């Protein structure tokens, strides 16, 4: 203990006067001490104690700095009563003479009361003072000093943002320079590279900021060969030096405080350091001690050995809404006025100075607007400088002389405002803001100034802010005297994945542009982790950017996703996929090819590890060339796996066997082609061939791309069926950020999904009620709870998606498609989540409130947890979860049916007009073809024998017809549908290319025709047709109108795609189920992807082509068409039903005749000329008609 203000029982303690609005307790330790801990207690025998306080320190008792704990937290937790003692061990010690305790909160039923104890020890140091023109030179005993290991340590405090701390260089190009630049520490280090000696390409390693704060900072440089550690205070950066050598060679001397010109004492190449340095050690040598003892190897020019303390006392403006400082305008020796001061801030807006002009009813304002300095006397405004909210000190002067007001910022050219008359400032000048009472028209233009000011002078008279604090000069509000409270919130940089950090006084922001990540701290990848994940979102085959480790350190990479099969394949290419012929190689000089993939080795490892299976095709043929020496088994050719290990097995056999699997099994059909499928060794990173040097000897090889399928994480699931059961995993590592996502389904009203505890901290996700999910945690600032409430119950046995995220910036909770719930983190509070127990999934450590149901795809910080592996050995938990399709109707599209599998699902597209893994790929055809869609005769007879009541009941249903077409032919038959009662509907293109829908409800009346589009649709563009109409019994084509017959005689030439009639997909049945009894085909069919190509062309060339007015007209037009057609259709259909029962028998008699007629009709049009449309680039339109 080095200080105690605890006293004896009954001695009381410190308590300020009740009238003191800003009390503080200051301690003088008589000399600089190293303080390691503090303790507080309330005032003895009273109701007075402090529940929260700040700790400040100073060497002089005038310029103070706030102590911040490890997380940057400045607030210390105090007492809850007058008797208990609260200890705080400092995470980094304080070396200072003066301490100040500033109460923030106290007992609301009492007053401020404090007893304190300070723990530490004496501190001694060797100090040197540099005045900006001085330096220390340490001369070597030999011409040059060459070292492979260096350790340099020092402590400094600076009055300026620029200055050289140390420098050394050698003739071969080596150099080391440590300097302050814009308030940051910069280290330049180069080993044996003359190109970088004085080039503009020199790169500095920077650390720290705001280092011109007149307080001590420690620096440590550790180098071994090219590896360097640079530590500034509590922050360390590791890097590797430039250059070819491992040693640092410095000639003659090292200089400290500046870089002098050889032979010209007192002349320096760069700006010298202005401040103090203590405990300066170079490889164990105390440089300042040698200088104090005047040793001959040290030259000390104008250096003194005590630290001078300039009187640069700052004041902090705490509030952006209410802070201000009012000072009287002192008399000026000449007409006009002059104001000077320095300021620093992070905010882009704020009022610096406002004054009432004596000779005019106007005000003169000096403010920061859009990060620039603005001088404004009503209008116009004059701007000065570029960016002044960079945290550096800026000097500004504002003066009037004659008819001009001049503003000067730093060393930039002045700017002026012209006046109509001489002027003087009013009685008061307001710095930093205006009072809320709007005195004399003073008003904050946007915000008050939030930052620091110092060296304020009015008419050349310095202002003593101590008198202001004592109430003897001016007035103020929301100020903190004797300290600059600016804090760099971008140090350390919490923006991840290369995000750019910017800040205001109270918080920081991350610019994630171009990083591939999003979120408050650029934590979340904007890309899916696998091709399987893209399939689940509805993607189709193509190139995609995948991020295999999500929010982890690896970035995204581009792969090709092949989704045309049941399995979704991920394809990663490399630089040499063509066949390569090898000759003239030996074991001593082998042929070597290294493969560079489109993904980094780390990305490839993550992609392979997350896949269910991987393989790589290898083609290898040889003549007079051996894979291995037959005498001793020495391999002559081999390949290298992803880990750099040599592999000699080939053709899919197990590792360690120097043959192909087919040769051992004696079933080889083609020795040239085989697959490598042991995924832990893939991909092939290198191939070596060493036996092609004999006459006629050669080898031919080709290594295909890496192909992987499946995502092991997507269907990794566990079922919990006992409330006391849980899965446990190692402690969650999520101090600064955590993202947790998974799917769940349950039937119980509540349960804990996961929980991890610390001594005081915790994190928990739970279903707290049937419709509410809560995310709660505590990082030392008190519990935080976020809740999302669903409008429907979440315990409905359906899959629900949950994602929770917590970072130093904010916390968020997302459930299904419900609105995101988020909460910003408080500033200047604890940041780190410290946990020490196991992570419990599906329950809690107390074995209470456990979850009953299924959890799958649990991912935390992009690491997928293997629930199935843990479930195998845990009672009350089973592997997997039935019902993957439940609540996931979006998995299969276009009427595709989701079918359960052991791990995952497949889509049954048999009832859809589409195909592919997700029933999203259109089935297209290009040809002149006629279709006869029929059911077996017995089925049609059964249908025809329905009673009239049955028919009337079925007629209330609706038929749904949909198809797409593209053609240049007109007239053309697109589709016809007939009923047993000789009702029919035909969709044709007329002679002018217009679309016509012909329909006949009764054979005794003429058919009706409706043309929704008078323009020609035979235009090589893709058109989609959807028709909804009352239920018709589906059969073959019967006698129809002459116009329809004319179109039928021409048939159809072009592309027909995605034909759907209710649950049937006739076109798909034609192409995929040859020989089906339900479909009769005449003519030759050619399968094509014309519809898909047209879709893609239109999508890329015509997006956004229609105006809003055209879209509105189209919608109105379509709506009117639907109403007109369906009204007339239903009216005639109702009339026809009166005679339906009478004509049923007659129609049954004509059924076979109609069928034979249709067969002949279809056969005639089946042999028309074919036209293949390959020029999809000519497509310009994409329209849909809803009839």
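Note: Cβ is positioned from N, Cα and C throughout, glycine not excepted.
Automatic, uncurated: that is what TrEMBL annotation is.
Taken from TrEMBL, the feature domain 'F5/8 type C' applies to 1-121.
The domain 'Laminin G' annotation in TrEMBL covers 127-307 (among others).
Here TrEMBL flags 314-484 (among others) as domain 'Laminin G'.
Here the domain 'EGF-like' (486-523) is broken down by DSSP into helix, strand and coil counts: 0 helix, 10 strand, 28 coil. TrEMBL lists 486-523 (among others) with the feature domain 'EGF-like'.
According to TrEMBL, the feature domain 'Fibrinogen C-terminal' maps to 522-574.
Residues or ranges marked as domain 'Laminin G' by TrEMBL: 716-881 (among others).
What TrEMBL lists as disulfide bond is 854-881. The number of other CB atoms found within 10 A of the CB of residue 881 (disulfide bond), across every protein chain shown, is 25.
Positions annotated as domain 'EGF-like' by TrEMBL: 882-920 (among others).
Summarising the annotation, TrEMBL assigns domain 'Laminin G' to 936-1090 (among others).
For the domain 'EGF-like' (486-523), the list of distant contacts is 68, 72, 208-210, 235, 316, 320, 344-348, 391, 450-452, 545, 547, 551, 553, 555-556, 736-737, 739, 805, 807-810, 827-828: same-chain residues at least six beyond its ends, Cβ to Cβ under 8 Å. Across the range of the domain 'F5/8 type C' (1-121), the DSSP-based residue counts are 0 helix, 64 strand, 57 coil. Counting Cβ atoms from all protein chains shown, residue 854 (disulfide bond) has 26 others lying within 10 Å of its own Cβ.
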